[in-house]
Amino acid sequence: MVLIRVLANLLILQLSYAQKSSEPIIGGDECNRNEHRFLALVSSDGNQCGGTLINEEWVLTAAHCEGNKMKIHLGVHSKKVPNKDKQTRVAKEKFFCVSSKNYTFWDKDIMLIRLDRPVSNSEHIAPLSLPSSPPSVGSVCRIMGWGTISPTKVILPDVPHCVNINLLNYSVCRAAYPEYGLPATSRTLCAGILEGGKDTCVGDSGGPLICNGQFQGIASWGSPNCGYVREPALYTKVFDHLDWIQSIIAGNTDATCPFVNF
């Protein structure tokens, strides 16, 4: 049985950060310092994830990134040489689609974090709006994060890396992972490059999938062979969770995602 790669990363103390590489995020390059003002670096219990600031007090990430003593770092580019406007917060409250925090490979891998206090917009910090419409298959999408830059071993970069991939038909992911019996319909998006070589990987969980400028997905899971041919990754579909997100932010903290019988 193929072991599925869950994108959250367990940091090992002996790991050293890569200074330079020709194989970032898997197939990308160092992000422009000004293109990821909304990108959060989420850490807890030695784990690393990404996240997306959606307003001054709320961050979206993946449910499987949940942990104790969560810290959310904003305004980060280089982890070794922090920006002067870097701001760090802790998770005041964490909300899940279901109170038990249950999620599957194809549903409910989403977590909404309320920060202990608001962040201020600055040169390197600004929220990303929620999507106004669902994405279309064929869209060009941007992925980013501080995840491993090697498909064969964990090498964590000092700076985030970015790459463009394509939004694929969900059926492509169903065909790629037959052993998991993915349902015919899902609240997840399938994205990658069929020829391989560009992908999220270990440590990129919870980071954004931005399609045609809109925040459409949250990095969830994929093949252990990051960037492998015809093995794209899956992303929680933000648009399908808008009612839940907006209800929680408005104060209806008992809101749950509607049940869908796949």
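Every residue, even glycine, has its Cβ placed from backbone N, Cα and C.
As recorded in Swiss-Prot:
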type	residues	note
SIGNAL	1-18	signal peptide
DOMAIN	25-250	domain 'Peptidase S1'
DISULFID	C31-C162	disulfide bond
DISULFID	C49-C65	disulfide bond
ACT_SITE	H64	active site, charge relay system
DISULFID	C97-C257	disulfide bond
CARBOHYD	N102	N-linked glycosylation site
ACT_SITE	D109	active site, charge relay system
DISULFID	C141-C211	disulfide bond
CARBOHYD	N169	N-linked glycosylation site
DISULFID	C173-C190	disulfide bond
DISULFID	C201-C226	disulfide bond
ACT_SITE	S205	active site, charge relay system
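Of all the recorded positions in the record (C31, C49, C65, N169, C190), the one with the smallest CA separation from S205 (active site, charge relay system) is C49. For the recorded site, N169 (N-linked glycosylation site), the DSSP three-state label reads coil.
Cα separation, C162 (disulfide bond) to C201 (disulfide bond), rounded: 12 Å. The separation of C190 (disulfide bond) from C141 (disulfide bond), Cα to Cα, is 11 Å.
Summarised as a single figure, the pLDDT of the domain 'Peptidase S1' (25-250) averages 94. Cβ neighbour count within 10 Å across all protein chains ranks C190 highest among the disulfide-bonded residues C31, C162, C190. For C211 (disulfide bond), other Cβ atoms within 10 Å of its Cβ number 25. The number of other CB atoms found within 10 A of the CB of H64 (active site, charge relay system), across every protein chain shown, is 20.
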